[in-house]
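Contents: one structure, followed by commentary.
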Amino acid sequence: MSSQDIPEENLPAEQDTPHGAVKVADEAHPFADPGLPPHEHRIQDIDERAAKRSERTVALLFTVSMLATIGFIASYVTIPVDRSVYIFPIGHISALNFALGMTLGLALFCIGAGAVHWARTLMSDHEIADERHPIEAPPEVKAKVLDDFRQGAKESALGRRKLIRNTMFGALALFPLSGVVLLRDLGPLPGTKLRHTMWSKGKLLVNMNTNEPLRPSDIIVGSLTFAKPEGLEEHDHGFQTEIAKAALMLVRIQPDDIKDKRSLEWSHEGILAYSKICTHVGCPISLYEQQTHHALCPCHQSTFDLADGARVIFGPAGHALPQLRIDVNEDGYLEALGDFDEPVGPAFWERG
Amino acid sequence: MKKLSARRRHPLAALVVLLLALACTGGLYAVFSPADKAQADETAQSLTIEEGKKLYSVGCASCHGTGGQGTSDGPSLVGVGAAAVDFQVSTGRMPAATSQGAQVPRKKAVYSQAEIDQLAAYIASLGAGPAVPTKEQYGPEGADIAKGGELFRNNCAQCHNFTGKGGALTHGKYAPTLEDVAPKHIYEAMLTGPQNMPSFPDSTLSEQNKKDIIAYLGEVNGEETESPGGLELGGLGPVSEGLFAWVFGLGALIALAVWVAARTAKAKKS
């Protein structure tokens, strides 16, 4: 845009002054307000036929939207759920999903596109300037408000009638207590639930896959097995609550390779039973690498060395995975020798 | 006799003689062989092992030791069983080009199936181990796909993703994708636990369980698997889907916003 396009009055004030001697007309406003550019008409403002055309375009978009909505309902009713079609870049896809998505998308898009086209071509496009004023109130208004306040305070006689003032403060201060009391309904306190699991002395370790109690010979070196406590069935009420704490990961490591002495003592001939719940935020952790004996948590990459008491060797987890002390009962099955000796899963406020 | 000798230069003479000779040999074999068939089988078995040993000393012994006892470059193969050999060699993981790197990747197989069988027979002769599974064991007949899905999510999905797309492990190691892996090799992998994968022996994951898992994978990750949702984006879950939404979804929205705010066409060009 060259300077010839700009009307004279919109050019900066110092334009006429010779070089070097900048003359400022007004200290506070060194530049003249350029104002708004002159309004230019659109085709639709001048040509009634063009305006009609735009009107028809908008109406067409809205009509397409209506048809698409009807199409949505029609495809919902007519297309069977399991029909599959081939659509070129996507591949095989459920016909129903595709039809619902396309019609719904088209219906919404056409409403939006019609509204935008309407606004751009037919609604008034005159630019309107709205002056901004300082937010501060003028001094006389401020004085009036302060006067009113003082008069109100005087008439209420709060300063003189201390009984009213104090009881009012009391009422206002006590009122929020009713809300605080309702917080009690957030549930009973967890009590010691976080510290105990279903494991107890003599409970058999049951294979999650076969639902059979495990024998030491079932678990070979390098294998990975998941176990649950005896008596916990999948269709039980509260199964998820219990397994979320009691889930067990069983690995077998050559006893010579187990570095942690207590861990070896709590194992049965190298069969180690660790909690499957990550001590960081409680994800099920079972990405076990049998050569390195590392278990990795898929959520935040906490890594535990199962050959060294499940010590944390990487990641945000705060402490080692709790180990369950196991042994073999007289029938030759693996059994727990008690509950975990520390709370499983993530740390909590009172964990200690 | 004269007639015969007169025709000995006939073009088909050689063929007739060959056929006669073959019939003779066949007949003689049929007469003498049934008596010691078992012995012949045993000889064939020991021959296979012998052949396998030859292949082993050329291709494997430098890392795994001359008797399969293992060296600092490769683990002992005593007791790994034929299943482990079949898995490692058929998927091209063995022979590994080098013992460097986080883990040995899947490659084109170097040996033919016959050679692999010989190698497997030799390794199996070193110590008892899991045998190569049969088609009845890994085939889809009589499998419970839903149960397989449950088992897969409980035992395998943590590393291999919910539909077997694979995933990352520590220090550059990874769980490979299970796409176009033969059912037999999936079975062998569960049985033997190759590299860092833990094994799932029949004592903790029964034969039926393994069959179910393979049937599930065939259903969700096979050639004819349908994807009702369309564009899978690798089936990796929120990572690729989120990236797609941020790049293409937001990109489209920005383009639309630019179009909405663009200067409307004017009657007079300025």
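Yeah, the Cβs are placed from backbone N, Cα and C, and that goes for glycine too.
Per TrEMBL, the features are as follows:
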- A:1-40: region 'Disordered' (REGION)
- A:58-79: transmembrane segment (TRANSMEM)
- A:99-119: transmembrane segment (TRANSMEM)
- A:163-183: transmembrane segment (TRANSMEM)
- A:245-335: domain 'Rieske' (DOMAIN)
For the domain 'Rieske' (A:245-335), the number of residues DSSP places in helix, strand and coil: 14 helix, 33 strand, 44 coil
Remote residues contacting the transmembrane segment (A:99-119) - C-beta distance under 8 A, at least 6 residues beyond either end: 54, 57-59, 61-62, 64-66, 68-69, 71-72, 75-76, 79
Per-residue pLDDT averaged over the domain 'Rieske' (A:245-335), given as an integer: 93
